Ligand SMILES: [Zn+2]
């Protein structure tokens, strides 16, 4: 009897923890996993969940060819990866599902590395982080076993590796989000610096998996971002890549097969700016 009761309590506690994780947004998961982490001397400088090569890199829009992954003659973009061998089979399943999720919606193909020079090395390091775009040679995508192994966090970090920044740092974000600077933790304000992003002719997307939540980096529990004009719309709750996230991948990488329909719906002037 006592044994049964203990089991039931254990199951209840386990389910409660799982339920809490399921309702956390991608930004909350990242913030929680990266809180107070102490990184090793062999790890890069990381600003929230973005690894930086040098201080200029983070402000650099990933629009040049140099940080895109190359396109193969068959029209696909192969991104070689290795997964360092310290994940459980359940964790590997989540990571693999994230890697594979790009294949059905874009020309991106994360493929096991053979001998390519540039590749993504998926490792459980200190917190969740990734570089923005291809930096050359091995580049770590850290998916800490302690807090980063979720479908949305995996997709989020892989989108960084493909060259995408956070939605709230978009060049046009002030038209869609009002940043409440007074509510932000003092040494976290840099997370809201705007970047001269290439937005691929897509609208600002509150449901992007790259959009943080309403109280991200709040020092008082109050909102740090308020949507404009309707302050009540929900945002930053994505459980997976949004349609806009997918469209941006396809436009940045010129995945023709996947962009044919969407290109017909946007003005020529925007198409020209995308092509630049
Ligand atoms: Zn991020």
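Just so it is clear, glycine is given a Cβ too, placed from its N, Cα and C backbone atoms.
Heads up, TrEMBL stuff is auto-annotated, nobody curated it.
Remember, predicted model here, so these are calculated numbers, not experimental data.
Per TrEMBL, these features apply:
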SIGNAL    1-19  signal peptide
DOMAIN    58-257  domain 'Peptidase M12A'
BINDING   156, 160, 166  Zn(2+) binding site
ACT_SITE  157  active site
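The Zn(2+) site is defined by 156, 160, 166, and by the 8 Å test on Cβ atoms against their centroid, the other residues of the chain that qualify are 30, 49, 50, 130, 157, 159, 164, 165, 209, 210. Rounded to a whole value, the Cα-Cα separation of residue 157 (active site) and residue 166 (Zn(2+) binding site) is 10 Å. If you take every residue in the domain 'Peptidase M12A' (58-257) and average the pLDDT, you get 93. Look at the Cβ of each of the binding-site residues 156, 160, 166 and count the other Cβ atoms within 10 Å; the largest number goes with 156. The secondary structure of residue 166 (Zn(2+) binding site), as reduced to three states from DSSP, is coil rather than helix or strand.
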